[in-house]
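> Starting off with a structure, shown below.
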Amino acid sequence: MALTLYNTLTRSEEAFTPIDPSNVRLYVCGPTVYDYAHVGNARTFSAFDLLARLLKHLYPRVTYARNITDVDDKIIDRSQRSGEPIDGVTARTTAQFHADMDALGLLRPDIEPRATTHIPQMIAMIGRLVEQGFAYAAEGHVLFHVPAMPDYGRLSRRSQDELIAGARVEVAPYKRSPADFVLWKPAKPGEPGWDSPWGTGRPGWHIECSAMTAAHLGAVFDIHGGGLDLIFPHHENEIAQSRCAHGTAVMANVWMHSGFLTIAGDKMSKSLGNFYTVRELLDEFPGEAIRLALLSAHYRQPLDFTKEKIAQAKQALDRWYGVLRGLEEVRAAEVPFDVLAALEDDLNTPLAISHLHELATAFHKADAAARPGLAGRLKAAAGLLGFLRQDPDAWFRGTPKGTDGLDEAAIEAAIQARKEARKAKDFAEADRIRAALLEQGIVLEDGPQGTSWKRA
């Protein structure tokens with residue numbers, strides 16, 4: 001089966017044909033680094049992490065780029081309110097973001113360009129747009145003139161008349177059209193700024209991604225991804241800038257967008273008290289379980305996210321890791337056809353995950369001779385999705401970083417004391433130790449090789 005992907009630009013599923021099969025190029029809009037990543041961010045990055053994994057499985061080389069926006073109004077505001085220098089805010093928050101995504105088990109992108117290291121490329125692109133008549137300078141700003149691009153609005157399916165009608169009542173007097181958007185803005189006192197032909201200033205948000213994609217992936221590349229909320233204005237404006245600057249029919253051949261996330265039926269919001277950062281969830285749950293919960297719905301569909309969903313995902317992973325635990329042999333296997341076919345069908349994760357459950361069920365029904373092969377198929381299938389990558393014993397012994405729990409040395413000491421009690425036929429003491437451990441969330445399992453343990 002060939003890979004098919006839903007293209008927001010055409011509103012249809014299409015067979016994916018890479019521009020260069022020897023190097024598939026993927027770009028995803030990354031974080032603006034001013035605060036902790038929240039679970040909505042994590043949904044988007046988990047979806048495109050899976051896409052990158054699948055592409056790397058299917059093609060010899062994939063260049064996966066995901067940017068860091070490190071100059072932005074929100075960053076400046078955070079710096080001014082906290083008193084922390086802008087460089088400190090962005091460095092600290094970028095490190096937090098990396099730690100959180102690593103804990104979820106996401107791959108690092110092949111390229112992670114930062115906006116502030118691409119200012120010269122942005123200035124050069126803005127200059128080309130001005131020279132070609134697509135942009136103009138006014139009062140220290142440079143603006144893209146939307147009427148200069150007749151088919152502006154193709155991605156979001158918005159006409160220019162709709163854009164003008166939807167513009168704010170008070171339009172900046174220097175704008176030629178209410179729909180025009182900023183490419184460059186003057187820096188206010190105390191704000192970061194760079195020298196340019198239009199004075200000291202900083203780039204608009206949209207030009208950043210256009211310049212970075214061109215620098216690392218070329219004028220036209222294969223896939224551009226992001227959240228559904230970025231279709232307009234961000235991605236629409238990226239397309240306008242890039243196509244007009246380079247004279248191309250498209251910026252990316254395929255545009256993909258992940259759906260919205262709600263919390264127990266409500267929009268996630270700090271005022272409703274249902275706003276979860278990734279870091280908060282990692283204090284309660286393993287990162288692998290959070291990511292499985294995020295992939296439980298199809299990436300384009302709305303996802304109603306709850307802690308109960310994460311707990312269910314944890315139980316599923318317990319079952320899958322349980323298949324691998326204690327086996328002397330797990331046979332190497334190819335990814336099963338039905339799992340690969342599900343993922344090649346526009347990343348159909350609910351179907352792919354259902355096949356993982358079927359493999360686990362088949363394992364438990366199988367005889368001893370068939371089990372190593374079934375375990376190998378489960379490991380290969382889950383591995384393509386980025387799961388079952390750790391040692392099974394480490395999984396069962398793990399505890400979220402923000403929770404209290406006995407350390408391994410204390411648990412092993414208790415197991416040894418129980419072993420000695422059983423040897424002395426003091427079964428009451430052995431049972432007491434088992435019960436005491438269970439009260440603290442430690443489950444003992446006696447087997448031919450001795451006693452193993454896991455966290456409940």
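The chain as shown is numbered from 1 upward.
Every residue gets a Cβ built from N, Cα and C, even glycine.
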> Of 17-21, 187-191, 232-236, 267-271, which range does Swiss-Prot call motif ''KMSKS' region'?
267-271
> To which of the residue ranges 31-41, 53-63, 218-228, 240-250 does Swiss-Prot assign the term motif ''HIGH' region'?
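Comparing 31-41, 53-63, 218-228, 240-250 with Swiss-Prot, motif ''HIGH' region' matches 31-41.
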> Among all protein chains shown, how many Cβ atoms are found within 10 Å of the Cβ of His234 (Zn(2+) binding site), not counting that one?
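I get 17 for this one.
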> Over the span of the motif ''HIGH' region' (31-41), count residues by DSSP class, listing helix, strand and coil in order.
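Taking each residue of the motif ''HIGH' region' (31-41) in turn, the totals are 3 helix, 2 strand, 6 coil.
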> Need one number: mean pLDDT over the motif ''KMSKS' region' (267-271).
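Its mean pLDDT is 74.
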> Would you list, in sequence order, the residues of this chain other than Cys29, Cys209, His234, Glu238 that have their CB within 8 A of the centroid of the site's CB atoms, where the site is the one recorded for Zn(2+)?
Trp205, His206, Glu208, Ser210, His224, Gly226, Leu230, His235, Asn237
> Identify which of the binding-site residues Cys29, Cys209 has its Cβ surrounded by the largest number of other Cβ atoms within 10 Å, counting every protein chain shown.
Cys209
